[in-house]
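Written out below as structure tokens is the structure these notes cover.
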């Protein structure tokens, strides 16, 4: 048995009577009566453990905890479990990681223990604020809907977010754990982000009732710091590439519809469930705007302002504008960074308006104009939206960085961006995606960038190449430019060696569900001809590692995240070497079931091993699926791989198996039908099967 609480945003009221509002703080005295064979945990250390009998004479244990600091109701927490823990003390803060006994014994939480103290210290030093609690427990829960929760002193996580198998050499797993732990400690460590916004700030003379509409300040700032913390403990991770790929690019894809809310809403605009605020606008847009703010202020000034703010507002009342005021104070006290308007005016243009701008550069006149990025194909006339932003523009000319400029009206001429007749001069805006916006270049500049990419792609920084490609495909999709313009920009790809850029290209050019698009007979042969010859260099580079020394990729984060997509696409496009490699590795596994197919491409190898093979390969996959030692992850891979068979009778038999309770412990019928129906030859077979067995 296991009990764990999750009280954010409004569930504390279901546990104890309270004014369940974030600004109404109290201290809490918690006592838990529980079965003596279990341990009880809460926000503070236990100060007394005694025993009592109920009226039936049964023995119970009573655990009493120290009084908490003044805090919000939603941060109170408790866990009752029979877990074990590992522990260490960092600067007087006792850190314990709790998990199932066998997981602790096997060392699965050792990595989390190693990095937690480091991240605490990193954030304390960075913000010059010390952590106010005597202990911190992190608990790995086998089943937890929230992913992770920053309860003060008792953080809870899904097991997968906290466990790292010592046998797993690959950084991506470590990176994911480092990112999640940093995020929660970003809330926790120096309660600077959450608790100086949510705990220490508002009790005292409560003048204004700050509420969940300020959520982005907490989650957005924590999301920003999570990447700083993760790259601190895993220095081989590239902060700007991962941040652009995981945070900025996904939210730019979402934040462009008319109904999308702004980051900061007034309280009366928040309708329905508060849970809807826990979305990518809050987390990713919040982090992206913070990244931009830190960029134009410089990190040094940004951290200085945050520290000042945290110290000034301990135990006082404040709101978002107070943060802008404190940043303004730091800006006014120096003369290196000059801003075109007050911090509040600049930041309100990003937090109080929905969406974001697209900038259009005319190279001949040096004019940059801005408008809200909306789908022109939906008949949105841009005139009805008069949103303008105050935009920091980092830029480079012919490869050398230029001083930051600002666009604070709908359009403006920058004489320094007028490029003479020389056909080799080029300009690049929003270098390394430092600002939260898209850029639309005129044909003249695009042609020059295209030539540059074909001759010397590395002249443009990797994140800027990533952004160029993302922008042109988004501009195409929304009717700003023609698809030919976007495709022109992909011509250079044979010289592109960054997997995160390739992944973006494949997201835009190759349908997510590969097989079912074979029905689109016009596009497939063209994609095959166009993409394959450009993919060959990067494919062969990684295939070499897979064949010779896959362990050499253990620090290549993007190989672990995106190599599967590259290989799956190469096999789908019929690249013979990819099909051969899948057959070889699958055959090796059949000869020796102890052999492990490299995890980076296991899904692709299993699928194409079955596809290229006969019933012998299929039967082996079936046998391994039913093997008691097979992990859940591998079972999922095999469940999908068995639908890759190219012989109709195998697929039919598989669908038949799917109906049998005796053959499957899970209720897999619908999963199997869905897997088969997405395959090219499986589509008709699955339909016939469903109608016959309705």
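Indices start at 1 and increase along the chain as displayed.
Keep in mind that glycine also has a Cβ here, set from the backbone N, Cα and C atoms.
Just so you know, TrEMBL annotations are computer predictions that nobody has curated.
Summarising the annotation, TrEMBL assigns domain 'Aminopeptidase N-like N-terminal' to 2-75. The average pLDDT computed over the domain 'Aminopeptidase N-like N-terminal' (2-75) stands at 94.
Annotated domain 'Peptidase M1 membrane alanine aminopeptidase' per TrEMBL: 111-350, in sequence order.
Residues annotated as Zn(2+) binding site in TrEMBL: 183, 187, 219.
The active site, proton acceptor annotation in TrEMBL covers 184.
The site 'Transition state stabilizer' annotation in TrEMBL covers 283.
According to TrEMBL, the feature domain 'ERAP1-like C-terminal' maps to 426-694.
It is 5 Å from the Cα atom of residue 219 (Zn(2+) binding site) to that of residue 283 (site 'Transition state stabilizer'). Counting every protein chain shown, the Cβ of residue 219 (Zn(2+) binding site) has 24 other Cβ atoms within 10 Å. Summarising the environment of residue 283 (site 'Transition state stabilizer'), the number of other Cβ atoms within 10 Å of its Cβ, over all protein chains shown, is 21.
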